[in-house]
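Encoded as structure tokens, the structure appears first; notes follow it.
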Amino acid sequence: MNIHEYQAKALLRDYGAPVSDGRVVLKAEDAKTAAGELDGPLWVVKAQIHAGGRGKGSFKEASAGEKGGVRLTKSVEEAAEETARMLGRTLVTHQSGPAGKQVNRVYIEDGSGIETELYLALLVDRQTSRVSFVCSTEGGMDIEEVAANTPEKILSFAVDPATGYQGFHGRRIAFNLGLKGAQVKQCVKLMGQLYQLFMDKDMEMLEINPLIVTDSGDLKCLDAKMGFDGNAVYRHADIAALRDETEEDPKELEASKYDLNYIALDGEIGCMVNGAGLAMATMDIIKLFGAEPANFLDVGGGATTEKVTEAFKIITSDKQVKGILVNIFGGIMRCDVIAEGVIAAVKEVGLEVPLVVRLEGTNVEKGKEIIANSGLNVIAAENLRDGAEKIVKAVKG
Ligand code: GDP
Ligand code: MN
């Protein structure tokens, strides 16, 4: 689960980390009051969307010379004007996808004078199964680009969970970033605060890009991006309350209500599968036969008829879906329950695209019989390969 920059900065502030004062604005008429509460003489107006690269992004239907989603202004009036100009419009960045994201919230922040821009992140390193720090002197840039072109400029190391964060971790980062004097102390303290926050809130990712040295020589978090482990959010009511459902794919949101593991993709073949591994294999084999999956969907081991029906509804609501492949291995799951679920769903939502069903495992004969006797136009498949071949053929001709 992701949150907005202004929410992430409030968390940083709670932990004592240095951030600028700022106000979030949802309605243009509130902008002037909000900006007036800040000191100036520089006001930064920042579009709040769950995607990075806002500064270099561009608005749809932008006027000539119009800048992206981060703007420096020099008065309360100008800050209010820029806020009004951003609200309600769609911002496209290299992380938002071509459709972009609608800006429903704008953050007005006290502007900082920048001496240097640095990069800092904490993340869960799956290779070492530990929390890692990543830092670089190349701040404000796309870190993927730095990693590709000048990997030597990135320092990354894991923290041993037995010791937790120690001062030497912070000093290592400080020296790598070329910090001097009091900045080293600030860095050691800040890294400890970030590590504590990361652990306390079960984060997956915390990125400060840029972390800056201000013109008065102090460290400050100028941007903040946070991702939380979705499986742990139930432990943090404060984090759950920060969820902005308008930022999420509506199909994924619907799926999460029914505890379905669903991720929307760009292809044309909808998949309904039980088990994440089988779902991955199904996506692979669809690609092998020359088509693209429209989604990843794992209905889970103990799916009920209701759950299968909901899954089916979500798949058919996707206008890009030109065919559906149901691929079920009945281990814990019984094939007859799946067959009944599929039929109930088709009866409820209708079926306008070809449907291939491959069943295997517990009660497979019963499942096949239910489908064969349903009178529905369902193409039966013998195995995974046969299923993939049949659905691709049905869609592509
Ligand atoms: P992003 O483009 O979504 O990553 O948004 P950021 O918050 O990182 O802002 C993009 C860039 O705008 C930063 O790298 C800075 O160069 C600039 N910027 C943001 N806030 C300030 C500020 O307070 N003062 C100045 N001078 N520049 C800023
Ligand atoms: Mn940034």
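Note: Cβ is positioned from N, Cα and C throughout, glycine not excepted.
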Pick the one from Asn261, Asn274, Asn383 that TrEMBL also lists for the substrate site with Gly331, Ile332, Met333.
Asn274
With Cβ-Cβ distance below 8 Å and at least 6 positions apart along the chain, what are the contacts of Glu117 (ATP binding site)? List them in sequence order.
Gly139, Gly140, Pro210, Leu211, Ile212, Leu222
Just to verify a number: CA distance, Asn274 (substrate binding site) to Arg54 (ATP binding site), in angstrom, no decimals.
38
I want the residues beyond Asn274, Gly331, Ile332, Met333 whose C-beta is within 8 angstroms of the mean position of the substrate site's C-beta atoms, in chain order.
Gly275, Gly301, Gly302, Ala303, Ile328, Phe329, Gly330, Arg334, Gly361, Thr362
Fewest other C-beta atoms within 10 angstroms, as judged across Ser112, Asn209, Asn274, which are the binding-site residues:
Ser112
Gly55 (ATP binding site) CB neighbourhood, other CB atoms within 10 A:
15
